Amino acid sequence: MRFSSSLVAISTAVFANGVTAASNSSLPRVSIIATGGTIAGTNSDSTSTTGYKAGSLGVDALIEAVPALSNISSVSGIQFSNIGSQNMNTSLLLRLTKLATNVAANGSADGIVITHGTDTLEETAMFLDLTYNESLPIAMAAAMRPSTALSADGPFNIYEAVALAGSKEAADRGVMIVLNDRIGSAMYTTKTNTRAVDTFKAAEQGYLGVFNDEVPVFYFEPSRVYKKPFFDVSGVDALPRVDILYGNIDMDVRLLNYSVSSGAEGVVIACAGDASLPDAWADAAQAFTEQGIPVVRASRTGSGYVAPADDTLTSGNFNPQKARILLQLVLNEHGGKNSTLIQEYFDPYLS
Ligand SMILES: *[C@@H]1O[C@H](CO)[C@@H](O)[C@H](O)[C@H]1NC(C)=O
Ligand SMILES: *[C@@H]1O[C@H](CO)[C@@H](O)[C@H](O)[C@H]1NC(C)=O
Ligand SMILES: *[C@@H]1O[C@H](CO)[C@@H](O)[C@H](O)[C@H]1NC(C)=O
Ligand SMILES: *[C@@H]1O[C@H](CO)[C@@H](O)[C@H](O)[C@H]1NC(C)=O
Ligand SMILES: *[C@@H]1O[C@H](CO)[C@@H](O)[C@H](O)[C@H]1NC(C)=O
Ligand SMILES: *[C@@H]1O[C@H](CO)[C@@H](O)[C@H](O)[C@H]1NC(C)=O
Ligand SMILES: *[C@@H]1O[C@H](CO)[C@@H](O)[C@H](O)[C@H]1NC(C)=O
């Protein structure tokens with residue numbers, strides 16, 4: 001096993017109730033919140049990168065596997081969950097943003113790293129970016145190869161994420177995604193390949209920066225065309241249900257009616273092309289939107305802007321899974337009746 005063979009005791013480590021600390025008071029204090037995923041996954045052989053068990057290593061083992069962390073940071077670990085990210089859900093997200101806010105507010109860290117599975121990383125990152133209102137940066141770290149694989153990518157991704165979270169340049173940039181030597185924005189970065197280690201990309205918006213060894217180098221000053229909203233969910237323990245339906249030829253409009261009749265308060269459709277819908281769907285989507293069950297047309301193409309329209313809501317620059325997160329938060333705060341108001345959240349050029 002790659003992790004256990006590379007375990008090196010950190011002399012200053014304290015292990016108590018799953019909390020690890022490698023302290024050096026002159027270095028930035030970084031709190032690592034572990035949620036599970038491939039980065040904590042193990043397999044029975046080193047040449048297989050599929051069919052492994054996600055979320056089997058604890059946060060202590062993640063930290064111990066990267067002894068060089070003690071040179072750049074004073075890290076402490078919090079085990080939040082240990083799940084494959086396909087099992088992430090809204091109630092966990094609400095707890096995770098409270099935990100991160102608490103760590104930032106109680107002064108125990110200078111930066112936060114959250115380890116996560118890659119499959120739904122982009123949804124968690126966007127949710128946190130919209131619900132976490134602290135200047136302390138959050139760097140999300142993940143891996144495409146389990147810890148036991150030859151050239152596992154997890155340890156270096158954690159190392160870079162810790163360096164980023166502890167760097168002054170990262171402050172006020174919200175939530176960032178760190179894999180494969182790149183820094184990606186939480187709002188736009190998406191997983192683009194099932195297996196490749198360079199899977200996280202934002203085709204239109206690009207990366208925020210890169211690493212030169214462990215030194216983060218940003219390409220631009222923090223600035224946004226899209227004025228990022230903030231949703232205070234501190235007193236919230238559930239969000240409205242929003243479904244995603246997939247567009248294709250022969251798509252059956254009964255699926256949309258079923259979503260709504262079974263309790264969805266909003267629906268995102270991953271439409272073909274520039275978010276077009278067959279006539280029957282367009283009519284039903286407009287009818288539901290006018291009734292206060294907003295239907296958001298997004299695109300299944302993987303990139304590109306969807307402009308506002310009169311019949312339904314549209315997703316702007318957000319892919320279907322990111323549009324869903326945003327719609328849940330908007331519905332929770334404002335309900336579904338005011339389409340003009342909802343559209344402003346999706347559209348970077350209106351506000
Ligand atoms: C703490 O970090 C500083 C700066 O990198 C280094 O000079 C010092 O040796 C470290 N102390 C320990 C105990 O590791
Ligand atoms: C920490 O940095 C020193 C100086 O560059 C290096 O000799 C040492 O191997 C590093 N420690 C680890 C655990 O990587
Ligand atoms: C969310 O996941 C947690 C952890 O697996 C589980 O305990 C909880 O029941 C799930 N919540 C919902 C609403 O599915
Ligand atoms: C800060 O909050 C985190 C998460 O709840 C907790 O683990 C830590 O002990 C707290 N630290 C202080 C100094 O209160
Ligand atoms: C969000 O943070 C900003 C900057 O600290 C602060 O002015 C604002 O009141 C916060 N918003 C909420 C709703 O807490
Ligand atoms: C779906 O719902 C719409 C809007 O309520 C309605 O006009 C339409 O007849 C329904 N279609 C089917 C196939 O049930
Ligand atoms: C709907 O939202 C728009 C944009 O925020 C606002 O100007 C308008 O007054 C709202 N309409 C109602 C009926 O609240």
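Every residue gets a Cβ built from N, Cα and C, even glycine.
As recorded in TrEMBL, the features of this protein are as follows:
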type     : residues : note
SIGNAL   : 1-21     : signal peptide
DOMAIN   : 29-216   : domain 'L-asparaginase N-terminal'
ACT_SITE : T38      : active site
ACT_SITE : T118     : active site
DOMAIN   : 241-346  : domain 'Asparaginase/glutaminase C-terminal'
### Query
the domain 'L-asparaginase N-terminal' (29-216): mean pLDDT?
95
## Note on the structure
Expressed in Å to no decimal places, the gap between the Cα atoms of T38 (active site) and T118 (active site) is 7
### Query
Including all protein chains shown, what's the count of other C-beta atoms within 10 A of the C-beta of T118 (active site)?
23
### Summary
DSSP tally for the domain 'Asparaginase/glutaminase C-terminal' (241-346), helix/strand/coil in that order, comes to 43 helix, 22 strand, 41 coil
